[in-house]
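As recorded in TrEMBL, the features of this protein are as follows:
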- 6-27: transmembrane segment (TRANSMEM)
- 60-81: transmembrane segment (TRANSMEM)
- 93-114: transmembrane segment (TRANSMEM)
- 126-149: transmembrane segment (TRANSMEM)
- 155-183: transmembrane segment (TRANSMEM)
- 246-269: transmembrane segment (TRANSMEM)
- 289-306: transmembrane segment (TRANSMEM)
- 327-347: transmembrane segment (TRANSMEM)
- 367-384: transmembrane segment (TRANSMEM)
- 391-408: transmembrane segment (TRANSMEM)
- 437-455: transmembrane segment (TRANSMEM)
């Protein structure tokens with residue numbers, strides 16, 4: 001890192017942290033007590049603070065990583081600073097843990113951008129800092145910086161694991177992946193993603209060697225064609241059934257294999273992936289979740305994905321391959337018809353944005369969900385088009401992980417999209433500074449509106465005296 005870039009990055013982190021502290025103070029003043037899921041998380045952490053590690057709230061569905069780390073941070077800090085009584089493990093103190101995670105996520109995002117795009121010498125230090133700042137203020141993640149939720153810590157350990165994987169420190173990556181798993185069980189998918197990075201790199205090397213042997217330049221230049229995909233799949237099968245190759249890949253990825261084995265042992269012993277209350281967290285094949293994620297990504301990355309150039313390229317592709325797009329459309333319609341699920345929380349809880357998205361859009365008419373298919377097809381195309389700089393094996397591996405982390409979820413919940421979105425956004429080529437500034441400006445506006453609604457537009461339910469607030 002050059003000195004000017006180091007100073008710029010330090011200034012950006014310090015400024016963002018100061019503004020976050022001011023916003024943290026405002027949130028803490030307006031909402032002093034636990035809110036929403038904090039009603040479960042805060043008492044559980046406070047029980048751990050008091051040494052009652054066998055106490056467990058059956059309504060909590062995640063493992064105790066957040067509470068264990070909180071105790072590990074707050075207790076030594078309280079001892080050093082002489083804090084006693086209700087200050088230790090208070091709601092504000094516990095929430096502050098996520099403010100620290102937020103600063104850590106900023107730094108990790110910067111390091112990941114630096115590592116992933118290290119070969120691109122055209123990218124300036126200012127662009128890296130700007131992209132890091134933008135992703136650190138990603139609205140769905142940034143909001144939960146100020147509440148005691150698992151999301152900031154879950155993102156921190158997953159991004160840290162990804163960074164260590166990229167640097168080849170696979171044992172450290174697997175250990176950090178385990179920490180991420182302790183925050184949210186579905187993070188095991190991103191452990192598989194880290195292992196997949198290693199496998200994709202080796203596959204890509206072998207594929208290039210295969211092309212060189214055959215001197216078939218047309219294959220590499222038509223990476224998106226159907227015939228090329230068939231050849232790649234044939235190569236993939238041939239490579240993976242080779243015992244020699246399997247031994248080599250196992251030697252490289254064994255730390256991840258150990259962690260995935262531990263995960264399956266946990267699922268077997270626990271009787272499922274969810275701990276605590278399972279009645280509202282049943283796995284299903286909810287394929288439209290992929291369409292919701294693509295729409296979510298286009299919304300938050302519209303400066304990169306929803307441009308006149310992209311639309312023209314899509315229409316040209318549509319004209320050249322009408323049969324393929326017709327098949328994709330029919331499959332999409334079928335998946336929406338047979339696999340759309342509506343969770344009871346989505347219909348009942350009017351504190352979440354998803355409640356209004358569903359009511360204002362999808363519940364307007366039974367046919368709306370089908371009418372949106374052309375947009376989903378475009379969203380999928382533009383999403384994949386921005387990843388074309390990655391190897392075909394990386395893309396296949398990412399999409400498998402994306403399906404694994406979104407499709408089994410019955411509830412439409414924007415928080416489930418945070419990690420797949422960030423990993424996608426980290427790996428697309430750097431856009432122009434103008435588009436980055438537009439993206440940052442949009443995130444600032446969305447955050448400002450969200451916090452204004454949360455802090456000032458409170459309401460009450462008919463059968464409750466508690467103050468309710470709008471949130472993600």
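The backbone N, Cα and C atoms fix where each Cβ goes, glycine too.
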Exercise. Given the transmembrane segment (126-149), which of the listed stretches 93-114, 327-347, 391-408 has the most Cβ pairs that are under 8 Å apart from it?
Worked result: 93-114
Seminar exercise, completed: Relative to the transmembrane segment (367-384), the stretch among 93-114, 155-183, 246-269, 289-306, 391-408 with the most Cβ pairs under 8 Å is 289-306
Seminar exercise, completed: Per the Cβ filter (under 8 Å) with a sequence gap of at least 6 from its ends, the transmembrane segment (155-183) is approached by 62-66, 68, 101, 104-105, 108-109, 111-112, 115-116, 141, 190-191, 193-194, 197-198, 252-253, 255-256, 258-259, 262-263, 418-419, 422-423
Exercise. In terms of Cβ proximity under 8 Å, which residues at least six beyond the ends of the transmembrane segment (289-306) contact it?
Worked result: 138-140, 332, 336, 372, 375-376, 379-380, 382-383, 386, 402-403, 406-407, 409, 412, 414, 416-417, 420-421, 424-425, 428, 431, 435-436, 438-439, 442-443
For this session: Test the contact criterion for the transmembrane segment (93-114) and the transmembrane segment (6-27): 3 or more CB pairs under 8 Å, pairs 6 or more apart in sequence, then answer yes or no.
Result: yes
Exercise. Counting Cβ pairs under 8 Å that are 6 or more apart in sequence, does the total for the transmembrane segment (6-27) and the transmembrane segment (391-408) reach three or more?
Worked result: no
